[in-house]
C-alpha cells in the first residue's frame, strides 16, 4: 500500500486532535457525578457505560493522522486497565493535559528529548511520594470501601469484601451473568493458574478478549502436542458429545495447533489450548492438582496412558472455564470431594517436612489454589444493556480491590494527586527544558480533581485551589459536596491504580511530544460506480487464508 506522510508541527497537532477527541469522550465519566456514554454496536443492543477503557476501545477516527493520536491515548487506558484494572479515565485525563502543556513547550522552542527527561524525573518523584503515603489495606471494611468507590455501589463493596474474607487475599473472584435480578455470591471448588491461551483465535468473547467454555472436558498432557493424529481420536469423541474442550499441555504447536485454530474459527467445535503451568517436576505436580480437581487423569506414560488411546473417561470436567491472555480459571471441577481433601492433606504434610523456603512457598501456593476455591459473583439486571454495564463495574471493582491489597490506598477524589504535586514545586533541582518537563507533570496533576468538580457542576479551578489549602488526606467529596477527611469518609483510591495512571499518561505524552513525523496508509480510491474491473477480492477474510 502507498503511504502518505506529514511532519513537524502538523504531525504533532494532528496527534493532539486525536488525543483530545478520545479524552473528551472519556473524561465526562470521571467522578461520582460523572455522566454515561452510549456506544452504538454493529450487533445487539447499544452499550451504556462510564468505564473509561470500554469507551476508549470503541473509538476510531476518520482522519488517519488524528486516529494515530486517538490510538496512543487508547493505549494509556488499556495499559492502565491491564496493570491495575481501574483508573483508566484518570490516566486519559492526565495524558491529555501532559500532551497539551508539552506541545506548548515544543512550539515555544523547547528540546523535546530534554522535556522527556524532566517528565520522567517528575513521574519517579510522584510515584515515590504516593507509595510513601500508602495506607495498608487489612480490614474487611476498607476492602468494601475500595470496591464500593470503584463500582459506585456500596452493595458491590460489601459483596467483594465478603468474597475476599472467605477465600483469602490470594483467592480467585470471577464475575458471571445471572438470569435473575440483583447480586449473588457463591463459593465453588476451583483454581486459577498464570497461563493464557496459546492463540488469540480461541477467544469467544471479543469484547473481554476471553475464551469461555461451559461444561467443558479437560485434557491434561505433560508433553508437547504437534502431530494431529495424536489428538484426533480424543477430538472426535469430544465432538460427538458436543462439549467444549480445554487442552493443557507443555506446548501445542504445528499441525495440531493449526487444526484446533481452524476448527475454533469455523465454530466446528469449541476448543482452547493453554500451556501447562510451572516447569519440570512442579509442572507434573500442578497438572496432578488440576486432575484431582476436575476428576481426570494426567495422560502420561508413567500411568500407562498415551494421547492416541485417551477416552472420555480419562478427561477431567468443569462447569466453567475462563481463559484470557494471561490466566486460566477453572470453576466447579467434578473431582470428588474426598480426593481433593486427600490431596490437600498431602500438600500440608509436604509443607511440614520441607526444609527449603522456596519449596515451602511453592507448596503453599499450590495449597491456596486447591483449597481456596473460587468466589463466583453473579450479577443480574432488568435489561441486557444494564447487565453489561453492571458487569463491567463489578469487574473493575474486583481489579481495584486487588490493587489496593497489593500496594495500599490513598485519599481519592483526585485530591492525592493535587497534594502530591507539591513534591515537584522545587523543580527537583532541574533547570532549562528539564525543569519545563517537571512543570508539565506538575500542572497536569490537578486535572483529575478539576474534572471531577466540573462534572459535579462546579468550577474546577476554584475547587483545586481550595483543596491545595487543605492538609493531605483531606479534599473535596463530590458525592456530598463537602470538604472532608476523604479516607475517613471512605473516598479512597488504590495506590497502584494512581501510580499506573500517572506513569502510563507520562509515557504516551513523552512519546507524542518527541514525534516529528507520521506515516499512514493512503486511503483507497473509491470504486467506480459501475463496479467493473475494480474492488473484487476486498472481502477476503483478514485472518489466515482458509
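Any Cβ shown, glycine's included, is placed from N, Cα and C.
Feature annotation from Swiss-Prot assigns ATP binding site to 29, 30, 31, 32, 86, 87, 88, 89, 90, 413, 477, 478, 479, 493. Residue 86 (ATP binding site) counts 33 other C-beta atoms within 10 Å of its own C-beta, drawing on all protein chains shown.
Sequence annotations record features per position, and here Swiss-Prot assigns region 'Disordered' to 523-546.
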Neighbouring C-beta atoms (10 Å sphere around the C-beta of residue 31 (ATP binding site)): 26
Lowest local Cβ density among 90, 477, which the record lists as binding-site residues, within 10 Å: 477
Lowest local Cβ density among 29, 88, which the record lists as binding-site residues, within 10 Å: 29
Largest inter-residue Cα distance among 29, 30, 31, 32, 86, 87, 88, 89, 90, 413, 477, 478, 479, 493 [record-listed ATP binders, Å]: 20
In the chain carrying residue 479 (ATP binding site), residues 6 or more apart in sequence that have Cβ under 8 angstroms from it: 32, 33, 491
